[in-house]
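The structure appears right after this line, and notes come after that.
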Amino acid sequence: MFYGILGLSIHVLFLYSIFDIYFKSPIIHGMKSHSPPVSPARRLVLIVADGLRADKFFEVDSEGHSRSPFLRDIITSKGSWGVSHTRVPTESRPGHVALIAGFYEDVSAVAKGWKENPVEFDSVFNQSRFTWSWGSPDILPMFAKGAVGNHVFTHTYPAELEDFAAKDMAKLDTWVFDQFKEFLLQAKKNSTLMDMVNQDRVIFFLHLLGLDTNGHGHSPGSVEYLENIRTVDKGLKECVDLLSEYFGHDNKTSFIFTSDHGMTDWGSHGMGHPHETLTPIVAWGAGVRGPIGAGRDLYRDGLSEAWKLSIFRRTDVGQADVAPLISILLGISIPVNSIGVLPFEFLGTNARQQALAVETNIKQILEHYHLKVKLKKESTFSIFFRHFRDLTPERERELLEIFNILMNQNRYNDAIQVGIKLMQLALQGLTYYQRYDRFTLNCSILFGFLGWLSYVGILIIRDHTSILHKSLEVQSDKAQESGIGIQNLTIGLFSGAVTIIITFLLYVQNAPTMYYLYFLSPVLLWTLVAVNWNVYKEAKAYVDHHNYVLQLLGLGVLGIFGLELLVISFFRRWMLSLGLVAIAFWPLGTSLKDTDKLLTLTWIGSTLLMAVFPLLPVVGREANYNMVPEVGIAINTSHRKGESNQNALITAAQVVLLIIGSFTIRSTAASIENKEGLPLLNQLVAWIILVILPTLPVFGSPYVLTRLLNVAASLVGTYLLLCVSHEGLFGLCLCILMFLWLCVEHRLSHLHYHLQDVIFLGSISSQQRKSPVQSLTLQDFRRAYFFVFFIFTAFFGTGNIASVNSFEPASVYCFLTVFNPFVMGFLLLIKIMIPFLIVSCAFRGILVTLKIPNKALFLLVLLMSDFMGLHFFFMVTDTGSWLDIGTSISHYVIVMTTTIFVMILNSVASFLTRTTWKLRPPQLKRHLP
C-alpha cells in the first residue's frame, strides 16, 4: 500500500511540475492603471467570430469573389487588416482572455472551466464605462464576474442551442445580430438606456459561435462552415449600418473584427498548428488608419498574395495586442495585467498622438515589470538575486531619457521605435523573472526522477529476484543487523539535516507550497535508496561473480533501443508499425515455431494486421458499423462446457446489447446526417448501454478465458458507441491480439496445467495450485516491455500523436450533441481508457496464468515508462513555434498520465477479472474468495 500511494503521489507531482516550471500563471496584483491622454472614439464594437480561420476568411474563389464582401470592402477602402497570432492552448477561454484582458493564460487554464474565473483579472470591459455583450453562455459570464461595479451586461442564448447536430448552427450568430438590433431599437424608446448608450467609453461585444459549432460538426471546409462566413458578413453589415444610423453617422465608433482561434481541417482545435493559431483581424472606424499600399509583402509567407491582398499593407499582431489597441481607441486604462504591445500601425491619428499612446503602453508594462522584480527580490536572498541583464535599472533610465528627449524634439516616429524597444525588453524581463526558478526546479525534478527510478530498481531486485537470498546467506545476521542499524542512523540524521536546511531556505524566501514538495521529495526518495543501498552492492557482487557484466550491458542496450523506439514513435507514428512487425516475427526465435505452428502463424498475421493501423489517417469521418453485430456474437460464442447457465445468460445479454447498440449507432448517424438532431430514444439507449454493458463481466465466469471474452465484449461494445471510423475495427483487432498474447505466453512457459483451467479468483484450480509463484526472469522484462508497447499502441493506434485535438467530437454524438465540455471530455476519456483497459486485463490474465507477482511486473512497467517520462521532461519547451510547444507539453503529459492511468487501471482490471457476483440465491455453492 505504501509503495502504491508513494508512486501515485510522485507521478502526480512530476506531472504537475511542468506547469509550475514552464507555464505558471502570469497574473500578479498591485499595479496601477494608466490611461491615454486622448480618445479618438466614444464607443467600440468588438466582434469575435469563434473558430474562424484566417485562410477561410481572407481567401477568394477562382473568379476573385470573397465570402465576406462587406469586410473585404472595409479592408480595401476603409480600414486596416492583418493576421492575429494566437497561442497554445487554442481554446475559446484563453483566446478571449488574450483579446479582452491582454495576457496569455497558462496552459492549464483550459481545464479551469469556461464560465468563471479561477483568478480575478482586469479587462477592457472592466475599464469601460459600460459594456453590453451578446453571445454564448460559456464565454460572456467569465468577464462579467470580475468586473468592478454593475456596468457589464450580458445577454446569452440557452445552452441547448449549442447543438452540433442542429439543422442550422448559424442561428447562433443570427440570434446575436437580432438581439443587437432589438437593443438599439429599445435604446431609442428607453431614455435611461439611451443616456447610457450615448456616453463615452462604451463597448459592444458580439460573440459569434456559429462558425466554431459548424466547424466541429462539419469541418472548416464544409459548405455549412463557408456559408456561415457569408451569414456573419451579411449580419455584421446590417448591424454596422443600423449602429451608424442610430448615432447619426458621427464617426465616433471604432470596429474590431477578429477570432479567438482557428481550427484544423477535421474540425478540432487546442494545439499549435497554423490553421489553429492564424486568425483574421480587421479594424475600421474612429481612430483607425485606412488602407495603405504595401509595396511588397513584408512577412514573406506568401499569404497576402494567396489572398489577393498584397497591394494593401498587412499588419500582424499578437492576440494580446488587441487589448491595448481597444484601450487606446476608447481612451480607457490598459488592463493592468496586459502584456500586449500597442500595434500603433493600426492607429489613424497623428504621429504625436501615436507616440503618446505608446508612452501610455510603456508606463503600463514597466509598472508590471517593476512589481515582478520587486516580488522576485522579496522571495530571493539578496546575495543570490540576479537582475535581468538586458534591462537593468541603469539601462531602463537611459532608454526613458532617450524617449523623452525625442518627444521634446518632436521626433515622434523615432520615439515610438525607442518605446517599442523598451517594451520588448521589459516583456523579455517579465519572461526572465517568470522563469527565474526554472533551473533549480529542473534539477530538483531530475533528482526526484533518478531517486524514484533507483528506488524502483531496489524494490525489483530485493523483493522479486533471488539475488539477495543467495548472496546474504554467508553473512552473520548479528553483524549485518548492527552494520545496517548504524548506517540507517547516519542516513536518517543526514537526511533530517538536509530537510531542515531546505525547509528553512524555502520559508525565509516565501516560496510557494508546491516548492516544498518539489525540493523535499528527492530527499525522501534518496533516503529510501540510501537505506537500501546494500541491495545494489549485493547485486553488483552477484553479477561480477557470475560474469554477467557483458550480458547485462547487452540487455541494457537492447532495452534502451526498444524504449527509444517508443520515444521516436511519438514523432513518427509509423515507428509503431515497425515495432509491431518486429514483435510479429519474435516467436520465430522461440520454441513456439516448432511446438505450435498454427498459433505462431496466427500471432504473426494478427500482429501484422495491427501494424496497419498506425499507417492509416489519424481521423476519419466515414463510419462502417456493418460488422458490429457479428463482432459481438463472435466474441461471445466461446462458452465453457460444464459452467452454470449464469454465464450463458450474461453472454446472451451482451449479444443483445451489442446488436441494439449497433442499430443505435446507425440510426444516430443517419439522423445527424439528415440534420434531424439526436433522437431522444437513441440517447437514452446509449447511456443505458454505457452503464450496464461494462458491469456485466462481474456476473460471468471466473475462468480466465471466459472472463476475458466477457470483458472484451463489454469493453468493445461500449467502445463502438464512441467510434466514428476504423477505430472500431482497431478495438476488435486489439482484443484478438491480446488473447493470442495470453495463449503464446502460456505455451512458451511449458506449464503443466491447461489455460482453460486457470481462474481469476483468490482460490485456484487443483492443477494450477501445483505451480509455485515464480521470481522474475529475463522473459518478464520482455513481457513488461510488450505491455508498455501495447499500451502506447492502444493510445496511438488510431489517434494523433500527442495532440488533444485528435479526438473527433462526433465520437460522443450517440450520447449528446449539445456543447458540454465536461461531459464530452468525460466520454472521450472513457474512449481513450477502454483500449488501455483491454491491454491491462489481458496482462493481468498473463500474470495470473504464469503465477508472476503482479507487483513485480508492475514495477518493471514503471521503470520503463518513467525512463520515457524523464526523456520527455527535458524536451518540454515554451520557446519556438506554438506547434513545438504544444507538442512538447502533450508528449510529457501523455507519458506521465499513461503511467498514472496504468496504476489506476490495474485496480479496475483486477475488479473486472477477479470479482464474481452470483445472480442465483446466496445459499447455492460458489467459489470461496
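All residue numbers here begin at 1 and follow the chain in the order shown.
Using the three backbone atoms N, Cα and C, a Cβ is placed for every residue, glycine included.
TrEMBL: automatically predicted annotations, no manual curation.
Per TrEMBL, domain 'GPI ethanolamine phosphate transferase 1 C-terminal' is recorded for 428-881. Among the features that TrEMBL reports, transmembrane segment is placed at 439-461, 489-509, 515-536, 548-568, 599-619, 648-665, 677-699, 719-744, 784-802, 822-844, 856-877, 889-912 (among others).
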Top partner of the transmembrane segment (548-568) among 599-619, 648-665, 719-744, 856-877 - counted as Cβ pairs under 8 Å: 856-877
Whole-number mean of pLDDT values that fall within the domain 'GPI ethanolamine phosphate transferase 1 C-terminal' (428-881): 82
Of 515-536, 648-665, 822-844, 889-912, whichever stretch has the most CB pairs under 8 A to the transmembrane segment (439-461): 515-536
Outside the transmembrane segment (822-844), six or more residues from its ends: residues with CB under 8 Å to it: 690, 708, 711-712, 715-716, 718-719, 722-723, 730-731, 734-735, 738-739, 741-742, 760, 787, 790-791, 794-795, 797, 799, 807, 809, 811-812, 815-816, 854, 857, 898, 901-902, 905-906, 908-910, 912-913
